[in-house]
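**Student:** According to Swiss-Prot, the protein has these features:
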type	residues	note
BINDING	K6, I7, S8, G9, K10, G44, R48, T139, N140, Y145, D148	ATP binding site
BINDING	G43, D65, F113, Q114, P115, G116, Q117, S118, T119	UMP binding site
Amino acid sequence: MNIILKISGKFFDEDNVNNLIVLRESIRELTDNGFRVGIVTGGGSTARRYIKLAREIGIGEAYLDLLGIWASRLNAYLVMFSLQDLAYMHVPQSLEEFIQDWSHGKVVVTGGFQPGQSTAAVAALVAEASSSKTLVVATNVDGVYEKDPRVYTDVKLIPHLTTQDLRKILEGSQSVQAGTYELLDPLAIKIVERSKIRVVVMNYRKLNRIINILKGEEVSSIIEPT
């Protein structure tokens, strides 16, 4: 079974070596249980810091996107090196390169591909290209909520929803500026819909329980394509 794991840039913002150790062991557990795994990394605070500085001196959005892409690739290299023998030792810079790397049978780790495209969209694209029917989005909350649980306290997790439900929740909260993408952007949603890819949103602090989460035995949100 093929699976793509999208790791939020916030995972790297914590500067926590234990996060990387748990990620490595979780990927090893997945591969030992017959999963083919691809990983897409976000840019996190490294991307935002460079984008902020560049924007303040008047650099255009396309170039800001490039800074974000290279930050996400730096995180991809960190994950790739930490996986050691599990990973194919190349970070692809395009969908074509991902497909070629995927053919070698090892874990492929990538960051962004091109300006104007979030790493969530990249994750959806590589899920489609690898015939993965599940895309796992690992972020710093347990799943999808009606409102941001990091801001509001009176919110409940939505365990099951459709991509149409997600659109309504995200309506008005998405930005197309470099460094501001959250969860799934409209392009990512369209891709998972056209290829009928199930999305599981989980907390990256629970990666050690990812198999249980995939079985629906742990807290997460499952987004079904419509």
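Here the Cβ of each residue, glycine as well, is placed from N, Cα and C on the backbone.
Small disclaimer: the values here were computed from a predicted structure and weren't measured.
Relative to the rest of the structure, where do these features sit?
**Tutor:** Secondary structure from DSSP puts K10 (ATP binding site) in a helix. When other Cβ atoms within 10 Å of the Cβ of K10 (ATP binding site) are tallied across all protein chains shown, the result is 15.
Within 10 Å of the C-beta atom of F113 (UMP binding site) sit 23 other C-beta atoms, taking all shown protein chains into account.
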**Student:** Taking the centroid of the Cβ atoms of G43, D65, F113, Q114, P115, G116, Q117, S118, T119 as the UMP site, which other residues of that chain lie with their Cβ within 8 Å of it, listed in sequence order?
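**Tutor:** Other same-chain residues near the UMP site: G68, I69, G112, A121, V122.
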**Student:** Counting distance between Cα atoms, which of the binding-site residues S8, K10, D148 is nearest Q117 (UMP binding site)?
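**Tutor:** Result for Q117 (UMP binding site): the nearest of the binding-site residues is S8.
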**Student:** Check the binding-site residues S8, Q117, T119, N140 for other C-beta atoms within 10 angstroms of each C-beta and report the one with the most.
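**Tutor:** Per the Cβ count within 10 Å, the most buried is T119.
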